[in-house]
């Protein structure tokens, strides 16, 4: 293994031979990793490579089966998260653990061991957050705040404990490009003050941009270390995957055909206080094209998906499939019209966690003419054959035949859930977050399949928060912001900056003018 | 040393079967302790309670007779519980089914034909279903909690029965006893010729087998299981949770009502102020002990029926309060639900001081 020329004396955390086993799976296999003070250290790896297991051991929520952790030259046992915080290790989770009904200061007070007087705490929050360029109003109710601000709360909560190491798990997945830039400034400032940052991300461009050093995990082992600035995104990706990643071949569209999915002034009230209302959304999706809807999480993507899929009925004229109005029709009716849908949440929405994959095939295909159901009886044989076909075609890896959905890793389950719909060759496919949390190899496979489907004459609508993905596959791009949708413009004429501005409210302004 | 619960990747097939067995053993153990604390020989009491009823023909027949309504009601409840509809009011649906079914023999005693009995059974099913549809309607229309509404309707139903047998339906030749008139032969559910096993048992087993096929092989059964485990995925599949609530309540009410009229017609031959020793509640335990699976429920119904017959046994032989049967039934439900944890989790004994919650809470 290549050893880097990094000073030994600046070592903050030194892990030696960390090993963690879950049943038959060796999640971490004698992992060595060294983090220096003032270093932004990237932890790269595909899904299931063992990144989360490793950082959970640093954060004290998992205990290593073997190996040692040295902190500042001293051997430590990090028995629980409180011990980690005492050492100065803070973590910002991918999924926030905030109470929506409480204020910023209340949420932070709940997480601190000694919050002290609320008024003083509020003052400190205001001061620290402003100082680091992440301004927060301590009295705001979390439910009213966009996701980017919620992440700030988590970061400020870490900062208040004066951490010496901050672990960040996919922090930019919920941010606009502009918000991400602001985050990078904060991280660079922290690093210049001597704080170490362990940065987990799938986005190789940003790793190259801000990280000083990278450790790459594959199948639980450290396979390489490098200076990301000396690499290209492609070389980093191939180190992660262990093979060349095939670039997606977008094969620019030849010709668009008839309108297949039309949204006309689609509006819907928010069904709960925490949902987003949809306002006057219009979009025409034509045969042969991929249209992507960009936007920061929580701006109405889920509601839009539910309206298009039929889980949330709207007025009949608001949605048309191949010219037939269907706003009030059921999801089954729409599937029979050869439309297919892949929701964002794989477990519990796209698939039933406790059911086998073959049963989960019946979930969306019981009425689509696959002879899965005859006279009310489900054909297990037919479901099993479909399951085999999808498994082979979309490379769904499983430990034994036909397992329960919940036992698959996120990426594998996503391949299954997308493959289940692609297998039907639908005329209209609507996908929310097609490659969220999916490793580079599988993501390329899924994206290529979406493009191929469109080129064969179908219309594909992709809702995504990943701009790299959108620019890779979309023919036209629209942006959703607070339930308003901007006009879909040809991707060739769009820039990240323009998308970023639309995400940050431009789409809304456009919607109001229109 | 500490005991940790570690989540399994998939549910354990072994534990699905083992969990109720462990629960029965733990119940017997606890019951033994309770007997010992009351100054009885625990081994003798346990023998009298669980084994003795199986050794004599008459008590075995009694056990089967008590198991029959339990199994029939529990089969319906299983459909409810599998689909996430918490029908706690089977006792009331049992009573109202018995009332509807008894209308014919009580109000039109002269109507004696080969149609009498089938009509009574159908009326019983309609009555139970209507009573169950009240909480289902309130749930789907107003989002009320069906646990509370279905339970409260139990008391309404038993007061209605009480009123009828003391008032309008009282037997005119009954010396003012609070009982309805005795049913005619045409209105009496017969036994299988040559045995003392009631036709009710045959009907019940038939229904349990049909339900097994529906639950495991049909799209309706699939819908029921999906909606119970994951309502969001169910609505994505195009299933309607409201329609399914009405279906599940309607079906379980109908089966409870059928059980009610079969008990009244086959065993009592008349309506009395009390027609059930709590079958509708005990059936909840039967449903869970039987894994919400009709075949398992047949076995579980037999076990719980034992607790009625065995309870009477220890009461008469050893002078224990008859409340012991309820205590043991309650223990059994408690242990079944506790042991079911082992289906999705396994126990690990760990000597290290890692936080017990770590893997569980962060998985």
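Any Cβ shown, glycine's included, is placed from N, Cα and C.
Some features that TrEMBL has for this protein:
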type: TRANSMEM; residues: B:21-43; note: transmembrane segment
type: TRANSMEM; residues: B:63-82; note: transmembrane segment
type: TRANSMEM; residues: B:94-111; note: transmembrane segment
type: TRANSMEM; residues: B:117-138; note: transmembrane segment
type: TRANSMEM; residues: B:147-165; note: transmembrane segment
type: TRANSMEM; residues: B:197-215; note: transmembrane segment
type: TRANSMEM; residues: B:244-265; note: transmembrane segment
type: TRANSMEM; residues: B:271-290; note: transmembrane segment
type: TRANSMEM; residues: B:297-318; note: transmembrane segment
type: TRANSMEM; residues: B:324-345; note: transmembrane segment
Remark   = For the transmembrane segment (B:21-43), out of B:117-138, B:244-265, B:324-345, most C-beta pairs under 8 A are with B:324-345
Request  = Take the transmembrane segment (B:94-111) and find every residue of the same chain, 6 or more past its ends, with a Cβ under 8 Å from one of its Cβ atoms.
outcome  = 69, 73, 119-121, 123-128, 130-131, 154, 157-158, 160-161, 164, 169, 180-181, 183-184, 187, 253-254, 256-261, 263-265, 271, 275-276, 279-280
Query = Okay, the transmembrane segment (B:117-138) and the transmembrane segment (B:271-290): do they have at least three CB pairs under 8 Å, pairs separated by 6 or more?
reply = no
Request  = Among B:117-138, B:244-265, B:324-345, point out the range having the most Cβ pairs under 8 angstroms from the transmembrane segment (B:63-82).
outcome  = B:244-265
Remark   = Of the listed stretches B:244-265, B:297-318, B:324-345, the one with the highest count of C-beta pairs below 8 angstroms to the transmembrane segment (B:117-138) is B:244-265
